[in-house]
Amino acid sequence: MRPSKKLLIAIISIFLISSVPVSAHADSTTIQQNKDTLSQIVVFPTGNYDKNEANAMVNRLANIDGKYLNALKQNNLKIKLLSGKLTDEKEYAYLKGVVPKGWEGTGKTWDDVPGLGGSTVALRIGFSNKGKGHDAINLELHETAHAIDHIVLNDISKSAQFKQIFAKEGRSLGNVNYLGVYPEEFFAESFAYYYLNQDTNSKLKSACPQTYSFLQNLAK
């Protein structure tokens, strides 16, 4: 028996919804809940700063699955938005003149890096996009992914399962001398692709199907 046109549309709709991250079709209530959680995590700078860009960063962070954001909150992690250099902050002053891992030979030091993530997250406002002192698809999602990897998922990027995936797909997102060398960087960048928007999500699914499935299963 041939299915009706309405049934076909319904089946196709279900398939499309199931193939994208939760954030891509989250309702306004879910997004607002994520923003409420972020209001307890994100620390804005004092003084003058680009409030529109800072709010845009928060909006992009709100795409992340709420269970990760809640876990960060429960672990008392703060995402600090900065109006100036990372190393101008007292807590990161010790990084002045230090060359970051993977940046050897670039002539760059932490003074030039717009963000960091792990046990803490710090992000320069206005440096979200690729080419703004970094090669990540999105600064805030990439660095927050490091914190989720380390704090929430117990360094899952170092797990045998992920390393097997990394061995097959770690060079598939470009920047092979960085993403293709460090599993934790490939995890963070893949996470950013997964949650940034529908276009980047689709690119990840096409280029790195095993990584995509890995992230999809983690979010369940």
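Placement of Cβ uses the backbone N, Cα and C atoms for every residue, glycine included.
Keep in mind that what you see is a predicted model, and the values were worked out from it rather than measured.
Pulled from Swiss-Prot, these are the features on record:
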BINDING   H142, H146, Y178, E185  Zn(2+) binding site
DOMAIN    35-220  domain 'ATLF-like'
SIGNAL    1-26  signal peptide
SITE      D135  site 'Interacts with substrate peptide'
SITE      H142  site 'Interacts with substrate peptide'
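Known features from Swiss-Prot, placed on the structure.
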residue : record                                  : DSSP class
D135    : site 'Interacts with substrate peptide' : coil
H142    : Zn(2+) binding site                     : helix
Y178    : Zn(2+) binding site                     : coil
E185    : Zn(2+) binding site                     : helix
Q.
I'm trying to understand the geometry here, so how far is the Cα atom of E185 (Zn(2+) binding site) from the Cα atom of D135 (site 'Interacts with substrate peptide'), in Å to the nearest whole number?
A. 11
Q) So which other residues, same chain and not among H142, H146, Y178, E185, have a Cβ within 8 Å of the centroid of the Cβ atoms at the Zn(2+) site? A) A136, E143, A145, L179, Y182, E184, F186, F187, A188, E189
Q: For Y178 (Zn(2+) binding site), list the number of other Cβ atoms lying within 10 Å of its Cβ atom.
A: 16
Q | Residues near H146 (Zn(2+) binding site) in space but at least six apart in sequence (CB under 8 A) | A | L116, G117, G118, V121, E184, A188
Q. Any idea what the Cα distance is from Y178 (Zn(2+) binding site) over to D135 (site 'Interacts with substrate peptide'), rounded to a whole Å?
A. 10
Q) Do any residues at least six apart in sequence from H142 (Zn(2+) binding site), in the same chain, have a Cβ closer than 8 Å to its Cβ, and if so which, in order? A) G115, G117, H134, A136, A188, E189, F191, A192
